[in-house]
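Encoded as structure tokens, the structure appears first; notes follow it.
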Amino acid sequence: MDAPLHEWNLEPAEAIALQKRLATRLELADRIDEVAYIAGVDIGFEEAGEITRAAVVLLEWNEIKAPTLEVVEQVIHREPTRMPYVPGLLSFREIPAALGAFAKLSQTPQLVMVDGQGIAHPRKLGVAAHLGLWLDLPTIGVAKSRLYGRFEPVGEQRGDWSALTARGETIGAVLRSREKVKPIFVSPGHRLSLATSLDWVTRCLGRTKLPEPTRLADRLASRRDEKRRKASVEPTRDA
DNA sequence: GCGACAG
DNA sequence: ATCTTGTCGC
């Protein structure tokens, strides 16, 4: 599951060339198995950015008796940070750690939701698309802000969305996942169409802005989570 | 040449 | 992303 170093420690120009090559291998038509497990992935940083912390949350999908999502596994993987953040090259900074976390998972999900862009990227290879190719699994990019593409204002109702376009084609959707809250950016990563991607994100939506897989992974990857779990076991003076 | 710019 | 407390609003 480990990736050869030469695949990640690249100079910007080389990374860009690789992205263009990999993008041609993306599948944007649905090729997905029956979904039993959905994974959420996100990356956080510790020690002033010296350590990269990848988090993966595995949820069980239940179509029957009211769509339910239950957390069945959570894994965290830490390793030294290898690249700085460069807009457009995010995957080279985050994927190595994400793969380390996936290696610790005891079950393989049929669908993966990633915090970041899918094909809504200058070279169609956002972190979700890149990870999808590496895992050979269907992936969806769920970003909190825009990286690439143009769009018209989104409706105010939950579920409303507008196309994210670039170079004359639709590369994603700006979705109002919750009323009165800034919309999220959904784009296919690998092995999925935009329609199916939107479908799954919508189905995984709770009462919050982010879909459950990404929301939980986001929480687990953040340092806020340390304080969170610590507070639950630390003695409280008013207890 | 001047901005924009996931996390 | 991360540094950080209280606070305004549904």
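Just so you know, glycine gets a Cβ as well, placed from its N, Cα and C.
A TrEMBL annotation is a machine prediction, not a hand-curated record.
Keep in mind that this is a model prediction, so the values were computed, not measured.
Features as listed in TrEMBL:
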type: BINDING; residues: A:ASP42, A:ASP115; note: Mg(2+) binding site
type: COMPBIAS; residues: A:215-225; note: compositional bias 'Basic and acidic residues'
type: REGION; residues: A:215-239; note: region 'Disordered'
type: SITE; residues: A:TYR85; note: site 'Interaction with target DNA'
- Task: Using Cβ-Cβ distances, find the residues under 8 Å from A:ASP115 (Mg(2+) binding site) that belong to the same chain and are at least 6 apart in sequence, listing them in sequence order.
- Result: A:GLY40, A:VAL41, A:ASP42, A:ILE43, A:VAL142, A:ALA143, A:LYS144, A:THR214, A:ALA217, A:ASP218, A:ALA221
- Of all the recorded positions given, A:ASP42, A:TYR85, which residue's CB has the most CB neighbours within 10 A? A:ASP42
- Message: Using DSSP, what is the helix/strand/coil residue split across the compositional bias 'Basic and acidic residues' (A:215-225)?
- Response: 9 helix, 0 strand, 2 coil
